[in-house]
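Q: Straight out of Swiss-Prot:
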DISULFID  CYS236-CYS238  disulfide bond
DISULFID  CYS269-CYS272  disulfide bond
Amino acid sequence: MKDYTLIALAYNQEIRIYTSVSTNLVEKSRKLHKTLPTASAAMGRFLTASAMMSLMYKDGERLTLKIDGDGPIGQMTVEAKNGVVRSTILNPNVYLVYGEGPKMGKLNVGAAVGAGTLSVTKDWKENYFTSSSPLQTGEIGDDFTYYYATSEQTPSAVGLGVLVSRGKKVIQAGGFIIQVLPHASEKTLNQLESIISKINSVTDLLKSNHTPEDMINILSDNTGEILEKHELKYHCGCSRKKYFDALSRLNKQALEDILHEDGQAEVVCQYCNKKYIYTSEDLTKMIASK
């Protein structure tokens with residue numbers, strides 16, 4: 001099944017709901033970055049939330065989202081536009097679980113991310129706007145909920161989940177974002193709060209093979225009207241030419257130093273780990289163009 005997001009209105013158009021399945025793109029990220037389970041869960045939640053956020057803007061803004069925590073994962077970055085995402089992670093080799101309590105043995109994403117900030121930069125026709133908020137728990141969903149309330153002034157509830165197998169493969173990923181519209185009544189808010197309180201976790205919904213359609217029915221108490229469906233995917237978009245052009249922008253001295261010291265240039269894409277080699281002939285062409 002392809003990854004996709006549904007956008008719906010519910011409760012007499014008082015609530016907007018986004019629901020997603022993102023298993024394929026999160027698994028692709030895991031393979032590209034070789035993440036261990038807790039890093040996979042953190043990155044997967046971040047990718048899913050970012051993909052949904054990118055569908056909220058109709059003018060084609062490219063979003064760059066960063067979670068900069070003091071936990072072992074370090075900084076994570078996602079670029080997102082119209083449901084297409086790519087990501088980087090500073091330390092993919094993180095496998096932390098709860099050692100005690102009711103969550104014993106489960107992935108401890110909050111500790112892996114730590115304290116820090118969530119920032120969002122919107123690139124609209126090369127005009128850049130950045131807003132940020134402090135991380136609340138490092139669990140990603142809570143952090144996006146707080147971001148929407150403080151930076152976008154949009155009361156929201158964000159639920160995210162990633163299920164990783166014992167073999168480290170991502171077997172389910174998805175989530176939802178609920179946005180309260182300005183004219184929502186107290187009755188609707190109470191009803192919605194009651195429904196959300198009965199959901200143990202998004203992971204439980206995913207384990208039960210609930211689709212985005214099912215999630216809308218549950219969250220909307222069967223009042224949802226689906227308006228849009230968007231495919232989600234992980235796509236890097238890098239190419240040999242793009243990195244050739246980037247290298248060519250180095251000054252002549254820097255290029256000559258690379259040529260004389262290394263004889264070639266090696267570039268590794270941080271979003272997909274693809275390696276590009278530029279030979280002495282390539283470097284000579286770049287130098288000659290100066």
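FYI, residue positions are counted from 1 along the chain as it appears here.
For all residues, glycine too, the Cβ spot is worked out from N, Cα and C.
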Q: Under 8 Å Cβ to Cβ from CYS272 (disulfide bond), same chain, six or more residues apart: give me those in sequence order, or none if nothing qualifies.
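A: Listed in sequence order: LEU32, ARG86, CYS236, CYS238.
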Q: Have a look around CYS238 (disulfide bond) and count the other CB atoms within 10 A of its CB, chains all included.
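A: The answer is 16.
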Q: Name, in the order they occur in the sequence, the residues of the same chain whose CB lies under 8 A from the CB of CYS269 (disulfide bond) and which sit 6 or more residues away.
A: CYS236, CYS238, TYR243, LYS275, TYR276
Q: Around CYS236 (disulfide bond), how many other C-beta atoms are within 10 angstroms of its C-beta?
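A: There are 18 such Cβ atoms around CYS236 (disulfide bond).
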